[in-house]
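Shown next, in structure tokens, is the structure this report addresses.
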Amino acid sequence: MTSTGQDSSTRQRKSRHNPQSPLQDSSATLKRGGKKGAVPHSSPNLAEVKKKGKMKKLSQPAEEDLIVGLQGLDLNSETRVPVGTGLVFDEQLNDFHCLWDDSFPENPERLHAIKEQLILEGLLGRCVSFQARFAEKEELMLVHSLEYIDLMETTQYMNEGELRVLAGTYDSVYLHPNSYSCACLATGSVLRLVDAVMGAEIRNGMAVIRPPGHHAQRSLMDGYCMFNHLAVAARYAQKKHRIQRILIVDWDVHHGQGTQFIFDQDPSVLYFSIHRYEHGRFWPHLKASNWSTTGFGQGQGYTINVPWNQVSFCSHKLSLACFPRGSREMTDYYIAFLCLQVGMRDADYIAAFLHILLPVAFEFQPQLVLVAAGFDALHGDPKGEMSATPAGFAHLTHFLMGLAGGKLILSLEGGYNLHALAKGVSGSLHTLLGDPCPMLESPVAPCASAQTSISCTLEALEPFWEVLERSVEPQDEDEVEGDMLEDEEEEGHWEATALPMDTWPLLQNRTGLVYDERMMSHCNLWDNHHPETPQRILRIMCHLEEVGLAARCLILPARPALDSELLTCHSAEYVERLRATEKMKTRDLHREGANFESIYICPSTFACAQLATGAACRLVEAVLSGEVLNGIAIVRPPGHHAEPDAACGFCFFNSVAVAARHAQVIAGRALRILIVDWDVHHGNGTQHIFEEDPSVLYVSLHRYDRGTFFPMGDEGASSQVGRAAGTGFTVNVPWNGPRMGDADYLATWHRLVLPIAYEFNPELVLISAGFDAAQGDPLGGCQVTPEGYAHLTHLLMGLAGGRIILILEGGYNLTSISESMAACTHSLLGDPPPQLTSLRPPQSGALASISEVIQVHRKYWRSLRLMKMEDKEERSSSRLVIKKLPQSASPVSAKGMTTPKGKVLEAGMRKPTAALPTKESTLGQAKAKTAKALLAQGQSSEQAAKGTTLDLATSKDTVGGATTDQCASVAATENSANQTTSGEEASGETESFGTSPSSNASKQTTGASPLHGAAAQQSPELGLSSTLELSSEAQEVQESEEGLLGEAAGGQDMNSLMLTQGFGDFNTQDVFYAVTPLSWCPHLMAVCPIPAAGLDVSQPCKTCGSVQENWVCLTCYQVYCSRYVNAHMVCHHEASEHPLVLSCVDLSTWCYLCQAYVHHEDLQDVKNAAHQNKFGEGMPHLQ
């Protein structure tokens, strides 16, 4: 996707309409017996008849345009899709080491170990080797200063003493006469891969290099790093290859502060770092490494930090080797580690990618992805003290391969356990080469600490990315405590295992294809225009042959299903009933078809249904036996509506269900099977077959329209979760309207489907691949593109060791289903999914459905518990804050767009275009009240910024070596920062604090403010800093007002002095922030009519008699006091579950279940009545 002027990646978050409450038209409600594909309708009036006639005239050209557009999608790009994985590995990179410390962890043995592992696994011969080259000085100057480069160049001529003195002026580095040349060679190696990837010589690549680079700043060595390879590569790609959007992912266990500082003002580079932090106790001890730092100026929102605050802590038992008397053989020797606390595991990293990185990356749409691939988070690394595995990094690599059209480059950073490092590199390289991801250890669910970090990061980023709207939900304190106890119990018994010896099967045939034209003999004898036409499978197969995909697959012969296979899901009576139709006359066939719902039967129906189901079983056999890795079954009639004893919705035998049972029979056990049903209709038959079976996880995304879309009824509702032992293993995502597209399905994948699927950890994935949600389908009314289906398939391919099977269900636009199945086949064959160039934000209706499902299923799945744990009502207080932006620049919003004067948004709310920063918080502060308002202009990253450096150490042990005495340093630093305001500020004047840049490079570090959401923040690169804070007295006064201004407070009048207190002269140019309520919520139906006695907002609290601040329940109309008085309304809500309440103070409406203010037309009557009672007149805008 290209852009001109203001790029879409720098746009301001746009306001979006919330879903409107649907009109309840009784005439539009169909009974269970309605036909599949039928739409609700009522008798047309004259206007509707005219409109229908006009639309009929326009429909033919529109349909033709759609067909032409779909045909124009060029999926036959075999000759243009780059293939091959590049590898740069040069022995010259081992020509430097620490002259004065042979035990220094960054040493040449790291590359030796990697090379041996790659040779052992045969990976070197599978890669395209590239000769490393030296980076030119002009290329280094794209990021680094000339003075710094010249200084590093002089190290070639220094003796050991001089090198040691210079290295001592930096933090955690050593210098060698060859350090400069090797650093230039390392940077040049990455640049060579950039040229190869962007020039389509290869698809992706890896640079196995040293020294690392992500800590290096513009004019500063740091943390073993001299030049920042990826930063130079990003600027190089932008300059030479005209790249406009680059994603840098840093999964090294240390925060890549150097990369962050280089790009923290730049909206063209999205930087994502996931690292060990321990609340600032871990190197590099910076507040800028915390989740609250999101970038500065136009780059705000483009810096993403996920800080890990939990590490492994193990006790061990040691059994020494000994030689029994008379024996020359050594007895058992082992060291067993029992982890009392587990560091972050694969599940935690995967959760961060699914909930944060992938959604933002799909909205950002990078054109190149660069990875700072450090492997010091692997289990056994002495620096990281984490518990990730090589298989986990293979999955992370697989996720990233779906971005930027597959243009992905990994560049080695850290990793200091030689065996773990080598396995980590080989695991990621296997994935780059297209090998399937290994299965992970169960359960794959994030721990409580990871959930907290991810939730904090999401809340910090939500103001800047539309796709993150409603990404975190409120959670009760009791539920949080229960979840944490559950996590502690599970983790307390977790025993660390040795690194698994992962194997990647090298299959000659990757994708199997089953098709038999005999299935076309099933046809409708009475309606030649029936949507379930024999041409469906023929058109798909022809298209696969035309674009060359069929030739790349292994064609497998179809076979009829055996009775024993059919009987695993269907009753014997039903099978015989269908078999009997083979000999029926035409009139009897018509009568028999009418006995079922939306069914036609012909003499060949039974044989075709038997063949379709048998084809699915044949494909299962091929996948489980290793004959192929994955496959597609182009079959008809479809199957997912078929019940155990009844045909339904064009379906006779449930092919996917029978295939699942057949797989379990082959395995001889209850194989864990994931069934994903993306057909636009709910697969009622599949759900009923497995609803009591915990070995099969059934996930369905479908049009529901509140029970009025086929197959009608409440079976597809989110509340249907399974029964008995299968409770929680049925997941329904009901769409309550049309036009759901790629963004809506991807949001569901990221937030719901993949988290649950990874936690379930299936051994086989079956997809009920109906394509009637595709663009142009006459029944679905949705807008999923072929490219969208390619991405959905790619994301599921990381599961079950890549064992995934697509079985055709519905889809009735012949062009759409052909293009969509071809796109899925591309993904199965390992081709990168195409970029989604016109991805809109998810619809509010889709987000509502997703949130509804999460609320239902979070009790069953730990991976869905990314919730707000602070009191949302307190945090969302209605305090108004005035902020003046710098006069030297036009006001800049969170995404770099101009903010209109007087834009009203709420301080601290979740959807502002320019939110105010808040005081940095930790897990222990999660229940604290709203942080004090703070305006910050950043400090220079090239100065001594003591106020933002949590600790400063210069030994080699500090990189990864957290010390226990640093807690006091952190607390002291934060306390001193909080005490910088003066009494003059308390009186309303504001004093600026500045720090001049240091001339000593050895003291350079970040000064980045940790505060998120401040549009006026500036980059640490800008030099002088100035911080404006509310005085401690003003903060206390403001906190005392929270009871009147938060949650159910409604809002007493705020003294104008409070608006400007602490801001001094910053009140001349005003930008206001206030609460933005929801325009709709799903709980409005709980609002009852006003009682006959009327509404009295002056009533006292029914429990305590208080009249200070009360609320009226809009269900029972009882009056109780606010949580800031005696919290009796909160108690009433918890006891009655009545969701909506009205403030007797300012007549605002709060929904406890949505945890938000709501303003909707359904509330106008009660608000008008309250206004009449309170002020003696109706609301002005209603008169």
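Each residue, glycine too, has its Cβ placed from N, Cα and C.
The stretch that Swiss-Prot tags with motif 'Nuclear export signal', taken from the ranges 66-75, 396-405, 566-575, is 66-75. The highest number of surrounding Cβ atoms within 10 Å, among the recorded positions HIS215, HIS1083, is found at HIS215. All protein chains included, CYS1151 (Zn(2+) 1 binding site) registers 20 other Cβ atoms within 10 Å of its own Cβ. The Cβ of CYS1154 (Zn(2+) 1 binding site) lies under 8 Å from the Cβ of LEU1078, CYS1081, PRO1082, HIS1083, PRO1139, each on the same chain and at least six residues away in sequence.
Cα-Cα distance from HIS215 (active site, 1) to CYS1151 (Zn(2+) 1 binding site): 46 Å (rounded to the nearest whole number). Excluding the listed site residues CYS1081, HIS1083, CYS1151, CYS1154, the same chain places LEU1078, PRO1082, LEU1084, PRO1139, LEU1140, TYR1152, LEU1153, ALA1156, VAL1158 with Cβ atoms within 8 Å of the centre of the Zn(2+) 1 site Cβ atoms. Helix first, then strand, then coil: DSSP counts for the region 'Ubiquitin binding' (1150-1157) stand at 0 helix, 4 strand, 4 coil.
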